[in-house]
Amino acid sequence: MAERLTFTKGHGTENDFVLVPDLDGALDLTAPLAAAIADRRAGVGGDGVIRVVPTEAASDQAVRDQAPHARWFMDYRNADGSLSEMCGNGTRVFAAFLRREGLESADEFAIATRAGVKHVRVDGDGFAVGLGPWRLGDPATAQRDGFDALVHLDDLEPFSALTVDVGNPHTVVALPEAVALDAVDLTTAPAVRPEPVHGTNVEIVRPLGPGHVSMRVFERGVGETRSCGTGACAAAIATSFWAGSLDTGSTWLVDVPGGRLTVRLLPDHGVELAGPAALVADGVIDIAQLTRRAQP
Ligand SMILES: N[C@@H](CCC[C@H](N)C(=O)O)C(=O)O
């Protein structure tokens, strides 16, 4: 493996990522290496690590099959090194990197992900990305009860929640009026029942008005983050579902600690996420130093 890796640090509404270009597909971005890069004290630091690699060089056949539609694969890992199928904020930062580097020059293009091909377009200063199709985790239970899961927060009675898949798994909590959003303790992972087999991201949502919610998120493989793009989509979908108005072409503003995202609900379970993307630093990682463990 190369001893030095170039990287770019970026963020979308303060959900931050380390992008590692691997233009010839030679880098073995293992879970321990990704976790070391994402480490905020001994590494570069980020909520996730994104390898930028030609789609045809991906190890997964299902990803390589996307090569006729998308030249570049967003190989996403969480800060703990685990793989994720999708990252909404990451898609915009990935798109900004591809354009800055001249790897894509059009205003609209597609990117390959573990959740399939996603279409990106320039949208003002930022990007809009189609993240659909979404689906409810347990549609029959959700249609009958309005909820299909319970989430335990703090020492309070469990809260009703809805499971939404946006390529990756989400559980959205409808926080009752009596509980302040800022007061919820997200220093540890909320317990979700039934326990999701592959884990879940948990969004806690407070409606602010028509088409407008405030949200905090505990991300699978990370902890509390300042934003989550797929989580914002899940929050808008769940809130619309509870209001009985899905698939209406509505636009939602989702306020997160790191800023504001816009979510458009489209027909046929489509959903589009729009927001900023910033590339803030470039550098070089010394792999030997990064992986050297301090002696006690
Ligand atoms: N922050 C991302 C989601 C990243 C992956 C997530 N933690 C998971 O494991 O599914 C976003 O903006 O969507």
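The backbone N, Cα and C atoms fix where each Cβ goes, and this holds for glycine too.
Small disclaimer: the values here were computed from a predicted structure and weren't measured.
Some features that TrEMBL has for this protein:
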- CYS87: active site, proton donor (ACT_SITE)
- CYS87: active site (ACT_SITE)
- CYS228: active site, proton acceptor (ACT_SITE)
- ASN15, ASN78, GLY88, ASN89, ASN168, ASN201, GLU219, ARG220, GLY229, THR230: substrate binding site (BINDING)
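Sequence features annotated in TrEMBL and their locations in the structure.
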{"residue": "ASN15", "record": "substrate binding site", "Cβ contacts under 8 Å, 6 or more apart": "ASP47, GLY48, CYS87, ASN89, GLY90, THR225, ARG226, SER227, CYS228, GLY229, GLY258"}
{"residue": "GLY88", "record": "substrate binding site", "Cβ contacts under 8 Å, 6 or more apart": "VAL129, LEU131, VAL166, CYS228, GLY229, THR230, GLY231, ALA232, CYS233, LEU273"}
{"residue": "ASN168", "record": "substrate binding site", "Cβ contacts under 8 Å, 6 or more apart": "SER84, GLU85, MET86, CYS87, ALA115, ASN201, ARG220, THR230"}
{"residue": "GLU219", "record": "substrate binding site", "Cβ contacts under 8 Å, 6 or more apart": "ASP47, ASN78, ASN201, THR225, CYS228, GLY231"}
- prompt: Largest pairwise Cα distance, Å, within the listed substrate binders ASN15, ASN78, GLY88, ASN89, ASN168, ASN201, GLU219, ARG220, GLY229, THR230?
  reply: 16
Query: Quick one, of the active-site residues CYS87, CYS228, which Cβ has the fewest other Cβ within 10 Å?
result: CYS87
Task: For GLY229 (substrate binding site), just count the other CB atoms lying within 10 A of its CB, please.
output: 29
Message: I want to verify one value. Collapsing DSSP to three states, which class is GLU219 (substrate binding site)?
response: strand
Message: Cβ within 8 angstroms of the Cβ centroid of ASN15, ASN78, GLY88, ASN89, ASN168, ASN201, GLU219, ARG220, GLY229, THR230: which residues besides those meet this for the substrate site?
response: GLY48, SER84, MET86, CYS87, GLY90, VAL217, THR225, CYS228, GLY231
